[in-house]
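Student: Here's the feature list from TrEMBL:
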type	residues	note
DOMAIN	45-449	domain 'Amino acid transporter transmembrane'
TRANSMEM	73-101	transmembrane segment
TRANSMEM	134-157	transmembrane segment
TRANSMEM	169-186	transmembrane segment
TRANSMEM	198-218	transmembrane segment
TRANSMEM	238-257	transmembrane segment
TRANSMEM	277-298	transmembrane segment
TRANSMEM	318-342	transmembrane segment
TRANSMEM	370-390	transmembrane segment
TRANSMEM	396-418	transmembrane segment
TRANSMEM	425-449	transmembrane segment
Amino acid sequence: MGSLGNSANSKAVHEAGEDDYDHHKHLSPTHQQLDAGALFVLKSKGSWLHCGYHLTTSIVAPPLLSLPFAFTFLGWAAGIISLVVGALVTFYSYNLLSLVLEHHAQLGRRHLRFRDMANDILGQRWGRYYVGPIQFMVCYGAVIACTLLGGQCMKAIYLLSQPNGSMKLYEFVIIFGLLMLVLAQIPSFHSLRHINLISLFLCLAYSACAAAASIYIGNSSKGPKKDYGLKGDTESRIFGIFNAIAIIATTYGNGIIPEIQATIAPPVKGKMFKGLCVCYTVLIITFFTVAITGYWAFGNHSEGLLLSNFVDDGNPLVPKWFILMTNLFTILQLSAVGVVYLQPTNEVLERTFADPKSKELSARNVIPRVVSRSLSVVIATTVAAMLPFFGDINAVIGAFGFMPLDFILPVVFFNLTFKPSKRSLVFWLNVSIAVVFSALAIIAAIAAVRQIVLDAKTYRLFANV
């Protein structure tokens, strides 16, 4: 990759679709066949700052508003320890993944996708039948979850102004789906950089609002009596702990590190680390503030989404305009998060339907792009509207998907690529992480399936929850 970075033509690289091809031609043997997905969706033009924006949008998202709920199963000490461990392990494993990607880039084989890495390191079958499918499931699951959550936040705003209003949840999900439909047409991951910068400020904004409202309610007589005891019998407490771990793991989850690193202009060395530092600065401010203030204010009455605690039996506990503003920030960021998690789907669609020999914005490529992306958003919106209990399903996807992609595979890839000595601390640390999180993933998946079985009797298609 060094020769590319230093060549006189490097400034001209990526000026046009053909130049995109010239650049990607050097990436790896798998890209010698013109690959429209790599060419148009995963353009390598960004800086480390852009990378920081993408990372922040993909990790610091509205699911962080369920952290106080996770604490209700763990209590203070275990809750804070889980948050700290989650931050340390994911920061470490994302950096390992980045080092593996940089190593392959220096060898002249730059991987642009998770499944390319798996193909190269673990073999074709792993990439095709394991990593590719679980990444697609995780990312598409995240799109559906964002659409559902966006609809729920819109409904919350509606009920504030019309307490006896007749509009149903699925109608709001469809409205949010229309917003996603427009944003999904943005051509490449790199072209989301400005949206993701706004998204970074939005997550700081709604986290600050959520923390301020929690402190206000916690100090007033309006809030519930503070009780930090763990609820339920022994069985439900044990399953609750693993459910909480799955929630925290999903909150820290990313699943698209290689695709984000693919947006960085060569040479890539060291840029991902800076991007992760930007992301984790925002993450520590938001995750810990929201989790601690929310749990302090509401104790074991914390709801699955913290914003639901700000209304008690239809009575807002903070001014209405404040709830409206917090929900609005959340809705806007959800649309950005949804579009980021659409990128792996877009890349697959582009590879399947686009012609890499035509220009990116030629009619030959624009028409299939608009049709296929619109269809993928319509399907996600339909699933979100039909299954308002998708949160339970997402817990299973989180255990099966985010845990392997973000906690287990990075350390495995590192050990297989760099082959550290079996007497070294790094080798055993990586093996320990892989073993512990594999066990947690299996138990969390069982706990999530149990939750679905328990809640199944309340499930209704198109339910107005």
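For all residues, glycine too, the Cβ spot is worked out from N, Cα and C.
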Student: What parts of the chain pack near the transmembrane segment (318-342), using Cβ distances under 8 Å and only residues at least 6 beyond its ends?
Tutor: 54, 57-58, 61-62, 65, 139-140, 142-143, 146-147, 149-150, 153-154, 156-157, 160-161, 176, 179-180, 183-184, 186, 189, 192, 195-196, 198-199, 202-203, 205-206, 209-210, 213, 216-217, 256, 307, 310-311, 373, 376-377
Student: With pairs fewer than 6 apart in sequence excluded, do the transmembrane segment (370-390) and the transmembrane segment (134-157) have three or more C-beta pairs that lie under 8 Å?
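Tutor: The transmembrane segment (370-390) and the transmembrane segment (134-157): touching, yes.
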Student: With an 8 Å cut-off on Cβ pairs and a sequence gap of 6 or more, do the transmembrane segment (238-257) and the transmembrane segment (169-186) reach 3 or more such pairs?
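Tutor: When sequence-distant Cβ pairs are counted, the transmembrane segment (169-186) does not touch the transmembrane segment (238-257), since fewer than 3 lie under 8 Å.
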Student: Quick test of the contact rule: Cβ under 8 Å, at least six residues beyond the ends. What residues does that give for the transmembrane segment (425-449)?
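Tutor: Sequence-distant neighbours of the transmembrane segment (425-449): 89, 92-93, 96, 239-240, 242-243, 245-246, 249, 392, 395-396, 398-400, 403-404, 407-408, 411-412, 414-415.
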Student: I'm a bit unsure how to read this: which one of 73-101, 169-186, 198-218 has the highest number of Cβ pairs shorter than 8 Å with the transmembrane segment (277-298)?
Tutor: 198-218
Student: Six or more residues out from either end of the transmembrane segment (396-418), which same-chain residues have a Cβ under 8 Å from its Cβ atoms?
Tutor: 89-90, 93-94, 96-97, 99-100, 103-104, 114, 117-118, 121-122, 131, 134-135, 137-138, 141, 246-247, 249-250, 252-255, 257, 426-427, 429-431, 433-434, 437-438, 440-442, 444-445, 447-449, 452
